[in-house]
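First comes the structure, then the notes that go with it.
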């Protein structure tokens, strides 16, 4: 291979998003005749890094500014102080970060990696990209223009030689894999899970549903479930603050719609029992473990592709290559232009239109799709993280999660539903699912001298249920040191885990403060209760070991709560500031959209 046309693409990905973006960059790189592997950062032999010429890094940030698991080993190596400052003098690099600005250490890993590569002598191809999940159209508001700019920079800095010309960027990029199909029958798998579905992660284990209990009243607008799972002894080890990872499956309704959409396809005569076999087009793009054995199209539609996902701009670009209808092509191309982003947002993101609904809206493109490109149009189902709500010392061989079932209306006729929460809510006692444990955002202290202030409205209370029970069991907390602020709409409607809190309060193991916003004429939220308790909070904060934990929806609550603490510390001329507390781990947040 011509070393000038080698492009190494490395990703650090916790849930699969960074990997997906890295694979897209790999596919598009073929327009400029680049080749080279796209792999997890830790899977690349680090001692070979100095011999590379061009490297693209795509990495996410997890928790309190932590690295994804599949880049931790390399990260540790890169931070070694004895590395020469000219180690990467011959390397050009680009860094794209995926993060969430509701966290203090927004894109911390990408920023730190970029700085470290500079310190080691690397030369940046372009500015760092900092994608933000909180943007109206999500991370792709940054990802799309950053990738477009990357190609423009590379063609300018490294023009093609030897008679090569760029492949038209308006042409279809090559598929990731070859996909063959046959009508042979796979024994036991015609309507069952993917052959390797339960081994999606090396450390996954099977748990059994013990109970699936609604914690909100029947007349409350939202359905929230406390799910209890049982695991065999020693198969799971977790601590309060850890999260349970689950990978949901699609509903039968969605799977049926998918097959209805394929009925008019000109290129594929497929049915649910059609057997697929995925093989590599290139050594640079390996086959995922759970697609490495033959499987049926039904299994793929049910267990692998996310049929509920909201498509991004790149999906519309791919669809534009397949339509033979002039009006469809014009509209699809318009959605991929900078000028068309507002209209794309109004069509797709604002109403939360799913990939199946988009395919129904563009029937000519859907009718021409080929089998290989279904693996480009559809994204794999990504695992979801749920804060663990049980305590290992108290709930023996059990693991609990608190799940709000997502359902809401938009201008579209069909109501929007959350894929994972709806699936979890449908589980019956005795159902078995694969799960795995991941380190969470929170790092809880266990010391009788610590003051711990926890603010967890709604399902944000889940990690605190885990910690409080564990701290009490370890005799590391009581009503003087453990302070929980809980907020919801109604005391009788959505007071999650009320029995737990009442017992702990009666036994003087917990101080509980509640804000029920709709139980009086004026709305009261957790930040208002915090303001009322300024004097008590100041006493707690004056302890050298005082921790504040905030968990819940990222929209308004975390900022409002933070402002209360800023005001208390500033007004009383406290030695600590929130910035200092965050840096030292005394103020931690865990939020979600």
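The backbone N, Cα and C atoms fix where each Cβ goes, and this holds for glycine too.
Curation plays no part in TrEMBL annotations; they are all automatic predictions.
What you are looking at is a predicted structure, and each value in this text was computed from that prediction instead of being measured.
Positions annotated as FMN binding site by TrEMBL: 60-63, 98-107, 133.
Annotated FAD binding site per TrEMBL: 352, 384, 385, 386, 387, 418, 419, 420, 421, 592, in sequence order. Long-range Cβ neighbours of residue 419 (FAD binding site) (same chain, at least 6 residues apart, Cβ-Cβ under 8 Å): 248, 250, 306, 308, 381.
Annotated NADP(+) binding site per TrEMBL: 459, 517, 518, 523, 524, 525, 526, 527, in sequence order. Its Cβ taken as reference, residue 459 (NADP(+) binding site) is surrounded by 26 other Cβ atoms within 10 Å in the chains shown.
Mean model confidence of the domain 'Flavodoxin-like' (7-151) amounts to 91 (pLDDT, 0 to 100 scale). Residues or ranges marked as domain 'Flavodoxin-like' in TrEMBL: 7-151.
The domain 'FAD-binding FR-type' feature in TrEMBL is assigned to 202-445.
Per the record's binding annotation for FAD, residues 352, 384, 385, 386, 387, 418, 419, 420, 421, 592 show a top Cα-Cα distance of 25 Å. Taking the C-alpha positions, the distance from residue 459 (NADP(+) binding site) to residue 60 (FMN binding site) comes to 25 Å. Neighbour counts were taken at the CB atom with a 10 A radius for the binding-site residues 385, 524; the maximum falls on 385. It is 17 Å from the Cα atom of residue 527 (NADP(+) binding site) to that of residue 102 (FMN binding site).
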